[in-house]
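Asker: For reference, Swiss-Prot lists these features for the protein:
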| type | residues | note |
| --- | --- | --- |
| BINDING | 29, 30, 31, 32, 33, 78, 79, 107, 130, 164, 278, 302 | NAD(+) binding site |
| ACT_SITE | 109 | active site, N6-AMP-lysine intermediate |
| BINDING | 395, 398, 413, 418 | Zn(2+) binding site |
| DOMAIN | 577-652 | domain 'BRCT' |
């Protein structure tokens, strides 16, 4: 189970990167959801194997170059997904267990891009993207070009609101027609078009593309008591609010609303991919709280995927940076969710074997939420027995023999000198989440590798202007920019370097957790496995992988070469203080705080070494209870958990 959890974590994180960061989804929503739900089930059964970089512990995407970073005062969370009436009933049961009289507000789930708008004294100050939920991109100038976003509110309020920016189907059609006439690549769907538009550096382009918005939340403290009152206030302030919402008291009413909306979905002027159900009482919302990733007071019902038939013409096999060989099917073109689809993932050889997929087969292709599709299964009634599937025995890149380990689902090339493996490793090292070497993408990495200028990541820091000038298509100005980006990467905080090394199981968040404790890459050369395993959020698998990597002589040589080249080895963030007053404690906040707001209290607790969670359990060490604390306080008492008040926290 441990290995399957790791496989799912790695796969889903790659899909998340493609979806949130590149705005180029590589798997359908429905397929992603199926894998995600499998991971959730396994993690619930084996909580000791949950990895720090698991997508169940994360929110959103990563930060793109070109706009300033913006730290959200109020974090943006994702929503728990539901795909059936039974899952909605289970959500209702959990809520009603604490609040028997709870009512719900059902709203449309707009398929766009999450935005946050901050106003001071009624004037728009900042418009930002979600980013990773804590840090987004400041896109204020582009936000100001969206006609239905007020620059000044009808009242002089200081307020932060949330919503969705989207592109109407009519605008999307017009833009793609124009792009086709100009010989430009068409957008895959309205969501991608909206995302690309908001990241435009030319604000005139943003204005021309006619984005629109629906606002649905006050993130800052509000005087309203109910979610439907929040929507009414947002409309009064001049924001666009979606007119399709319904106050309900039962799941029967919600299910009727879902079916009504699903029936008229195609008649709407914009794309939706589901219905969001929220506890209407804001006081109940606060008491229910959050998981690491999502609020406990809301759930998103997602519509079933659209399905079409297509024929598999051929299969491409590509090698990733860890040696995993991934199959992609080339299909007869088919119209699916408004776009032409000609490629779909086949995941791995085990998936192909399980579904008995062959070249020449007619298959069911599905795509939820306008995302690039995957193959669901084979239409066996259309098979004529002439179909074949040739599973490669040799690496498509280097020609060495592929292996299929018993505990893995994929074929793997284990040749350390495989050109594709080396190139993917170099690309990973230069990528945004790693060393963020702007401009050093796959095309240039390939040219550098084929020219013999780079063989490992340390070689990047030995490149000269002359090296770049020898490459086809690289002019002096481009060479100067690349060298400047390489030089700038030397000053990155060490967790980016650790992630960039591409060690198995060591994601970006895990890298930060490790460096928060060790502070320096060099210290990892002698770190003990049992010490690493004790770091909160890690475990034996990560610890073993890290120590095995740094026990290699080649790792010590590589670190020395990078250090000699001037690459920073130190962690620039705040190191964990094991002497902090609440170090290692799991703490829950409940009730109304009078002096501190929730974020201030959470920040203080984390600064004192605590891990703040949203629910009380046997693993909880401490509960900070404000006034009007409800069921969480009672549960803490029943479990004999230590309870303190706000004054106690303020005095620490």
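All positions are counted from 1 along the displayed chain.
Placed from the backbone N, Cα and C atoms, the Cβ positions cover glycine too.
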Asker: I need the nearest neighbour of residue 413 (Zn(2+) binding site) among the recorded positions 31, 79, 109, 130, 278, using C-alpha distances.
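Answerer: Among 31, 79, 109, 130, 278, 31.
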Asker: Including all protein chains shown, what's the count of other C-beta atoms within 10 A of the C-beta of residue 31 (NAD(+) binding site)?
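Answerer: Looking across every protein chain shown, the total is 23.
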Asker: In the predicted model, what is the mean pLDDT computed over the domain 'BRCT' (577-652)?
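Answerer: Mean per-residue confidence for the domain 'BRCT' (577-652): 84 out of 100.
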Asker: Radius 10 Å, atoms counted are CB only; among the binding-site residues 79, 395, which position scores highest?
Answerer: 395
Asker: Quick check on the recorded positions 109, 278: which one has the highest count of other Cβ atoms within 10 Å of its Cβ?
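Answerer: Going through 109, 278 one by one, the largest Cβ count within 10 Å is at 278.
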Asker: Among the binding-site residues listed here (130, 398, 413, 418), identify the one with the smallest other-Cβ count within 10 Å.
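Answerer: Selected from the binding-site residues 130, 398, 413, 418 on minimum Cβ neighbours within 10 Å: 398.
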Asker: Whole-number Å distance between the CA of residue 79 (NAD(+) binding site) and the CA of residue 418 (Zn(2+) binding site)?
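Answerer: Rounded to a whole number, the Cα-Cα distance is 41 Å.
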Asker: Quick one: what's DSSP say for residue 130 (NAD(+) binding site), helix, strand or coil?
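Answerer: DSSP assigns residue 130 (NAD(+) binding site) to coil.
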Asker: Quick one: pull the CA-CA distance for residue 31 (NAD(+) binding site) versus the residue listed as 'active site, N6-AMP-lysine intermediate', whole Å only.
Answerer: 19
Asker: Can you list, in sequence order, the residues of the same chain other than 395, 398, 413, 418 whose CB lies within 8 Å of the CB centroid of the Zn(2+) site?
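Answerer: Apart from 395, 398, 413, 418, the close residues are 319, 323, 396, 397, 399, 400, 402, 415, 419, 420, 421.
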Asker: In angstrom units, rounded to an integer, how far apart are the Cα atoms of residue 395 (Zn(2+) binding site) and residue 278 (NAD(+) binding site)?
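Answerer: Per the Cα atoms, residue 395 (Zn(2+) binding site) and residue 278 (NAD(+) binding site) stand 50 Å apart.
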